[in-house]
Amino acid sequence: MQSSPLQSRPRHPEPLQLYLASQSPRRLQLLEQLGLSPVVIIAEIDETPEPDEPPDAYVTRIAAAKAQAGWARLPEAPTGPLLAADTAVVIDGRPLGKPADAETALSMLALLSDRTHEVLTAVTVLAVGPEGARAPSQRQCLSRTAVRMRKIEPSEALSYWESGEPRDKAGAYAIQGLGAMFVESLHGSYSNVVGLPLYETAALLREQGIEVLRS
Ligand SMILES: Cc1cn([C@H]2C[C@H](O)[C@@H](COP(=O)(O)OP(=O)(O)OP(=O)(O)O)O2)c(=O)[nH]c1=O
């Protein structure tokens, strides 16, 4: 008689602890959406782009720097991998970060109005290296989503700024919030726009022994 998948499930050792070097509530929620409960590590880094740095190189460098800074702050010998990410909205080849003030947010929204832009998120996962290695091993991925926005009137952009939502969001909008009213269509990963591409993230974590679906 054949055993059913339920009967033949192997027993697993204790799951590894995942660390998240991010202050973004969205990244925590996205990992929780996968059923994971990471320990959050606070690590600040300088996010200034280098002169003429291409956007993909920029987000990749910043995600790695966030991960390295987080790794250095781990309170204990890590018992599992650490993840960090960086998201930028890219238009005319320039990365837009989080707006510092109303004027910057309004000019970002004016740039995005009635056009298609790209959202790039780089994800870095660090894990304890092979025995004897001093540095952690590093894996990275980069996800791109094309987002088409409708025309945004300046008065709407001002009301949107006053809602408080654009303040801590790359490109001064949140697709998961009120900002969805400006998004006509998108091509690619939705979770990537919110701050963490879940398909790619689950694959990276799986390589490091974090199973999203433990079967
Ligand atoms: C475009 C877009 C960005 N965002 C957010 C995701 C990120 O939190 C933020 C981009 O800034 P990041 O610098 O990538 O991240 P962060 O500073 O918020 O968090 P940390 O560096 O500690 O990990 O913008 C949305 O929430 N929705 C959106 O639609």
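Glycine is no exception: its Cβ is also placed from the backbone N, Cα and C atoms.
Quick look at what TrEMBL annotates:
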type     : residues : note
ACT_SITE : Asp86    : active site, proton acceptor
SITE     : Arg26    : site 'Important for substrate specificity'
SITE     : Thr87    : site 'Important for substrate specificity'
SITE     : Gln176   : site 'Important for substrate specificity'
The most crowded of the recorded sites Thr87, Gln176, judged by neighbouring Cβ atoms within 10 Å of its own Cβ, is Thr87
On a C-alpha basis, identify the one among Asp86, Thr87, Gln176 that is nearest to Arg26 (site 'Important for substrate specificity'); the candidates are the recorded positions. Gln176
Cβ contacts of the residue listed as 'active site, proton acceptor' (under 8 Å, same chain, 6 or more positions away): Glu47, Val59, Thr60, Ile62, Ala63, Lys66, Thr121, Ala122
DSSP three-state assignment for the residue listed as 'active site, proton acceptor': strand
Express the distance between the Cα positions of Thr87 (site 'Important for substrate specificity') and Gln176 (site 'Important for substrate specificity') as a whole number of Å. 15
According to DSSP, Arg26 (site 'Important for substrate specificity') sits in helix
